[in-house]
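Trainee: Starting off with a structure, shown below.
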Amino acid sequence: GAFDYFTLSYRSFGIQRRSDNGLVLREWAPGAEAVFLTGDFNSWEKQSHPFTQKEYGKWELYLSPKVDKSPAIKHLTKLKVLNTSPPTQTLIFFSHPRPPRPSSLRIYEAHVGISSPEEKIASYRNFTRDVLPRIKDLGYNCVQLMAIMEHAYYASFGYQVTNFFAASSRFGTPDDLKHLVDTAHSMGITVLLDMVHSHASSNTEDGLNYFDGTDSCFFHGGSRGNHSLWGSRLFNYSSWEVVRFLLSNLRWWMEEYHFDGFRFDAVTSMLYHHHGIGTSFSGNYSEYFGIHVDEDALVYLMLANHILHKLYPQCITVAEDVSGMPGLCRSIEEGGLGFDYRLTMAVPDKWIQVLKEVRDEDWDLKNIVQTLTNRRRGEASITYAESHDQALVGDKSLAFWLMDKEMYTNMSALTAMTPVIDRGIQLHKLIRLLTHSLGGEGYLNFMGNEFGHPEWLDFPRKGNNESYHYARRQFNLVDIEHLRYRQLYAFDRDMNLTEDKYGWLAAGQAAVTTLNQADKVIVFERSNLLFIFNFHPCNSYIDYRVAVEHAGKYKIKLNSDELQYGGHGRLVQDTEFFTEPMPFNGRAQSFLVIWRLLKNIALK
């Protein structure tokens, strides 16, 4: 039949409840000799409930209702089929419709389990109650949820999936997750799922690996089916049943949990037979077209985007690709892969590199601006200064790179800022606004980094004595009035609210009119706004000429030097600036910015 029917297999596979409460269980395991159902309902007897073998490698089991007409298996009962745990169906009423697709996408990347200041695994309910209101207050219109697909190893960050058709039970019940999504929708927040279709856990006890006793049921057999760095299994995208499984999986998350789209993980690994390992992409077209491209995976991604956008026109798809594959975010009709956005993965790498290797007074602003603006025209990008990758153990958040150990002792607003804290707070704001306004058509922030979360992220494991100390987000720091984390939080909020009002992310790419390495000044226009940045560690400018396209009066709309943002309050906020017909830096209009000190601002 049509792709609509082909991708609805979740309605026939797994566990299905009939109108009379009879249960039909159906699995695809072509290499299995026998399949059994075990669980709480039969005291974990391994062979008391055998499946019947059907054609095309399918297996089926029917369980008639009990005498009282109730299902033979209760809701939330634990089950196991071979080496998997199929999800039980839960009916719930979603009372709020999906919000309209945002024109300017501001994403809050989040992990439910670490969303509490407490040293524990937080829950869906905790996230709904405590974190969603913060996301709304901060001005983010989208939350991207990580580690939702069931995974046995908590420290894998959710990227070693063991059950594709189950929401992680360590955070709560399916109903709890549905309540989270519905509550987000009631706040006008779009919800994306971190979708891992690039690989799967190599576990045999609770994953797809050796599901039917062979190494090639869902994956390529032999070495091609193993990722040499991740130790995980690689899907065989040329298999009809694998494609059916994966496409149906997308439909299931859209239908059962009302997600609004997906961030596809590790797309680079999917696109190339070399998986990006040991490969440096320079932009030469020979790197993107040739026998090293996995055409089966490429076609699968085209199919995935096709069905999602045809069946759910408001669906959002984001590709995590470091290679820069041309056409990734162009329509399938144009020969593209159909994604809506790609992640600008070079941008956070650049910020970490300059923070690690170069004193801020020696930063090469031309190189930084080049990195922020070097993206394929006509293909939308999600930009970010840091994500979960930069926060993981072995690295540090931007705030911790900037201020390091002084964050433990000198973040109180009741005492004067030390030079390290002062410079760190100012640069933290400049980096984020410059990235937000210059780097893409969407913006992403990892939870907690908006207020300069200290330290790093590390999940409980043997190497840290199973500690949860770093597997949490210390939102309590923002709630303490005298700590400067509140100031960074306030700036991040007003940065997003300013974008929401003027929409620079939805506008065309910025026009940079001043890039003065000696003065450490960057000036550019975007969406009828003028952005001015001064990165100089000590120089201030009282009469600095800037170029503008439009004549008229300009006012300050966002000023990082305000006291509420941890600034020094040295600018008069209601200052007005009037253009004059004096050509400057390729523009017909310009004006002198006259004040005591120039920091980064947005003018209109």
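Using N, Cα and C of the backbone, Cβ positions are placed for all residues, glycine too.
Please treat TrEMBL annotations as automatic predictions, because they have not gone through curation.
Predicted, not measured: the structure shown is a model, and the values here were computed from it.
OK, TrEMBL features for this one:
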- D265: active site, nucleophile (ACT_SITE)
- E320: active site, proton donor (ACT_SITE)
- 127-476: domain 'Glycosyl hydrolase family 13 catalytic' (DOMAIN)
Trainee: Pop the Cα-Cα gap between E320 (active site, proton donor) and D265 (active site, nucleophile) into the table, whole Å please.
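Mentor: D265 (active site, nucleophile) to E320 (active site, proton donor), Cα-Cα distance: 5 Å.
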Trainee: Within a 10 Å radius around the Cβ, which one of these active-site residues has the most neighbouring Cβ atoms: D265, E320?
Mentor: D265
Trainee: Over the span of the domain 'Glycosyl hydrolase family 13 catalytic' (127-476), how high is the average pLDDT in this prediction?
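Mentor: Here the predicted model's pLDDT, averaged over the domain 'Glycosyl hydrolase family 13 catalytic' (127-476), is 95.
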